[in-house]
Amino acid sequence: MMAKNNKTTEAKMSKKRAASEESDVEEDEDKLLSVDGLIDAEASESDEDDDEYESAVEEKESSSDKEAQDDSDDDSDAELNKLLAEEEGDGEEDYDSSEFSDDTTSLTDRLSGVKLQTIVDPNIYSKYADGSDRIIKPEINPVYDSDDSDAETQNTIGNIPLSAYDEMPHIGYDINGKRIMRPAKGSALDQLLDSIELPEGWTGLLDKNSGSSLNLTKEELELISKIQRNEQTDDSINPYEPLIDWFTRHEEVMPLTAVPEPKRRFVPSKNEAKRVMKIVRAIREGRIIPPKKLKEMKEKEKIENYQYDLWGDSTETNDHVMHLRAPKLPPPTNEESYNPPEEYLLSPEEKEAWENTEYSERERNFIPQKYSALRKVPGYGESIRERFERSLDLYLAPRVRKNKLNIDPNSLIPELPSPKDLRPFPIRCSTIYAGHKGKVRTLSIDPSGLWLATGSDDGTVRVWEILTGREVYRTTLIDDEENPDYHIECIEWNPDANNGILAVAVGENIHLIVPPIFGYDIENNGKTKIEDGFGYDTFGTVKKSNLEVNENGDGDEDGENESAKNAVKKQVAQWNKPSQKQLEKDICITISCKKTVKKLSWHRKGDYFVTVQPDSGNTSVLIHQVSKHLTQSPFKKSKGIIMDAKFHPFKPQLFVCSQRYVRIYDLSQQILVKKLLPGARWLSKIDIHPRGDNLIASSFDKRVLWHDLDLASTPYKTLRYHEKAVRSVNFHKKLPLFSSAADDGTIHVFHATVYDDMMKNPMIVPLKKLTGHKVINSLGVLDAIWHPREAWLFSAGADNTARLWTT
């Protein structure tokens with residue numbers, strides 16, 4: 001019994017020592033740990049590990065106690081009772097009143113003597129359900145070297161953009177719900193400098209966690225540079241490791257590899273021969289068909305079993321190179337309908353006329369007929385004849401293949417500037433000069449630009465003030481009783497503004513008038529210039545040839561013929577002093593010609609003017625000199641019907657326009673310089689550009705022709721804008737403008753730029769179509785002329801009015 005008591009006491013003491021040692025270890029661990037009132041994540045993890053460890057130790061101790069109990073069960077019941085009695089006695093002794101007294105010691109004092117024991121083995125031991133040991137290892141804490149997808153973000157606002165916090169002092173909230181304040185921003189100058197001088201690692205993005213700019217670190221920049229240079233990004237990898245030649249690359253001759261070739265390699269295979277003979281027998285018997293023969297059989301079978309699809313799409317076959325397809329028949333018209341409109345049916349007179357004409361001369365080979373239904377239409381009787389004639393045409397008529405050019409039509413249209421950029425030019429009618437009782441055939445503008453003279457079929461010449469439209473002068477030059485067939489054909493002011501002479505062509509006469517509207521000085525200068533020519537022949541200043549003609553009047557026949565020629569030459573026109581009646585009409589002198597004068601044009605100096613008489617033969621063109629009262633006929637032979645004649649603006653050249661040609665003569669050398677071929681059927685008028693290197697001509701076949709005298713004799717441009725005969729064309733003296741007037745009652749205004757560079761062609765741009773004159777008896781605008789300085793246009797029409805068109 002004593003021994004057993006000693007054992008129990010020793011067990012109790014050992015338990016107390018173990019408990020005291022555990023308390024000491026725990027106290028030492030508490031000293032090592034710093035507890036500040038906050039539970040750290042790592043501390044919690046270690047506590048959890050300790051709890052697991054303690055539970056495992058307790059389970060181990062309980063298991064040992066159970067084993068001891070099992071051993072004690074083997075003792076006898078008597079010994080068990082004795083032990084129980086001793087334990088009860090000991091228990092009564094152990095329980096003391098002091099243990100149940102109030103303990104005033106603190107937890108710190110109680111744990112002051114406790115010592116903790118650290119275990120080196122990190123594994124935790126447990127048991128499975130079958131009783132075997134189970135080792136619970138600690139959790140693995142992975143280290144993320146390159147992936148931070150599971151890392152917690154500092155700013156927990158989710159997918160909300162940072163722009164939602166622009167008006168707030170913070171940029172979001174952290175995991176604890178506290179605000180993340182916005183970082184301080186620099187001044188506008190600092191932001192400007194930062195945008196100019198970009199810092200290293202600048203990305204232009206905002207960091208969602210801090211609200212500041214997101215810059216790349218040096219490691220990230222180095223990584224990007226390595227990727228750009230195609231280098232290794234991991235420093236632990238050695239790209240130049242030493243080569244270990246595990247297997248030799250040199251083939252060695254060994255007994256296993258240098259075996260001699262067997263004989264069967266050089267002897268034909270009997271097995272292959274059997275297989276080949278088997279295939280040959282199958283081909284001979286027809287069980288195997290070669291691919292070529294099989295293809296031929298399929299094509300033959302396809303041709304034999306071919307069925308034409310009547311309603312399928314037609315497939316085009318490749319024609320021969322020399323094959324020309326027949327041209328398609330024109331589609332049927334309304335006349336060929338079985339139920340044509342009434343206006344296509346022929347009247348009895350038209351049917352009779354159609355039947356009386358020859359078959360080859362008929363406009364159509366059938367008579368349009370009307371049927372109430374398509375089923376009532378009979379067969380066409382001329383179908384066989386038409387097919388036969390078409391076959392003859394295809395067989396006998398030669399045909400040529402014409403390759404169609406694939407050209408974009410827009411590429412052929414020249415790129416012209418907008419008319420808005422080419423102003424000024426006339427666009428509206430501002431003044432109407434009304435008062436004439438007949439057609440206004442001609443008009444002319446004074447060199448000063450103040451007075452407008454018009455000539456009409458009523459036999460009057462009127463002078464108008466341009467700005468006000470007031471009539472300031474009127475004279476009647478045609479007496480209907482004496483000369484009923486005369487008209488005022490042409491009227492032209494002298495280009496010299498200091499004399500005020502107005503030349504008027506009336507029938508066969510040319511009147512030089514000085515209207516009393518300028519003042520004494522100008523009127524006196526004009527009359528003096530005209531009167532000075534009367535003394536030219538009086539004082540013996542006649543040509544010697546004319547004197548010789550007069551002296552050889554009684555000579556031989558040759559002398560008589562020569563004198564007759566000179567006499568005719570001298571009598572081409574006669575300068576007559578005005579009668580008293582003509583003086584009352586302000587006529588200073590009258591030049592009488594043989595035929596009707598249609599056109600008149602002054603030289604730029606104002607001393608010469610040229611007239612055109614289309615019906616006068618070789619004397620159709622006459623040059624008159626005012627200062628000497630002389631008239632010359634420069635041509636000995638007629639060059640067709642002359643329509644117009646003009647002087648060159650500054651060269652001694654004369655432009656003569658016939659019905660189809662324009663000839664340029666040099667008056668100083670008396671030679672033909674150039675012959676222009678406009679290509680028109682009947683020219684009406686010409687005008688020369690102020691620079692003298694371009695010419696425009698109008699024709700009665702509705703065309704306006706532009707000739708560049710430095711280029712070929714054919715037209716540079718042909719303008720077909722009018723619908724009827726073009727009567728007049730005129731260049732502006734100062735501005736790059738020209739106009740054309742026609743019988744359709746319209747006036748077309750064009751912009752014409754002539755470049756100094758000889759390599760550039762003139763630029764012609766249509767600007768405006770002026771309408772206002774009425775068409776009377778198929779006559780519209782008869783004449784047009786430009787103002788000397790302004791972009792104003794004057795026009796004369798068959799509606800008895802003249803108009804001023806301004807910008």
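Yeah, the Cβs are placed from backbone N, Cα and C, and that goes for glycine too.
The feature compositional bias 'Acidic residues' is assigned by Swiss-Prot to 21-30 (among others).
The compositional bias 'Acidic residues' annotation in Swiss-Prot covers 42-56 (among others).
Residues or ranges marked as compositional bias 'Basic and acidic residues' in Swiss-Prot: 57-69.
Among the features that Swiss-Prot reports, compositional bias 'Acidic residues' is placed at 86-102 (among others).
Feature annotation from Swiss-Prot assigns phosphoserine to S23 (among others); the stated evidence is a large-scale study or a structure entry.
Swiss-Prot lists S72 (among others) with the feature phosphoserine.
The feature phosphoserine is assigned by Swiss-Prot to S76 (among others), with a large-scale study or a structure entry given as support.
Positions annotated as phosphoserine by Swiss-Prot, on the basis of a large-scale study or a structure entry: S146 (among others).
Annotation comment: Swiss-Prot describes S149 (among others) as phosphoserine.
Annotated phosphoserine per Swiss-Prot: S418 (among others), in sequence order. Residues within less than 8 Å, Cβ to Cβ, of S418 (phosphoserine) and separated from it by at least 6 positions along the same chain comprise none.
DSSP places the residues of the region 'Required for interaction with NOP7' (265-383) in helix, strand and coil in these numbers: 50 helix, 0 strand, 69 coil. As annotated by Swiss-Prot, region 'Required for interaction with NOP7' applies to 265-383, with the evidence given as experimental evidence.
Sequence-distant contacts of the repeat 'WD 2' (483-523) (same chain, six or more residues past either end, CB-CB distance under 8 Å): 441-448, 451, 453-457, 459, 461, 463, 472-473, 475, 477, 529-530, 582, 585-606, 609, 611, 624, 626. As annotated by Swiss-Prot, repeat 'WD 2' applies to 483-523.
Positions annotated as repeat 'WD 4' by Swiss-Prot: 637-675. Across the residues of the repeat 'WD 4' (637-675), the predicted structure has a mean pLDDT of 93.
The repeat 'WD 5' feature in Swiss-Prot is assigned to 678-717; the stated evidence is sequence analysis. Secondary structure by DSSP for the repeat 'WD 5' (678-717): 0 helix, 18 strand, 22 coil.
Per Swiss-Prot, repeat 'WD 6' is recorded for 721-760, and the stated evidence type is sequence analysis. Across the range of the repeat 'WD 6' (721-760), the DSSP-based residue counts are 0 helix, 20 strand, 20 coil.
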Exercise for review: Reduce the DSSP letter at S418 (phosphoserine) to three states and note it down.
Suggested key: coil
Study note, to complete from the structure: Reduced to three DSSP states, the repeat 'WD 4' (637-675) has 0 helix, 22 strand, 17 coil
Practice item. Report the DSSP secondary-structure composition of the repeat 'WD 2' (483-523) as helix, strand and coil residue counts. Key: 4 helix, 16 strand, 21 coil
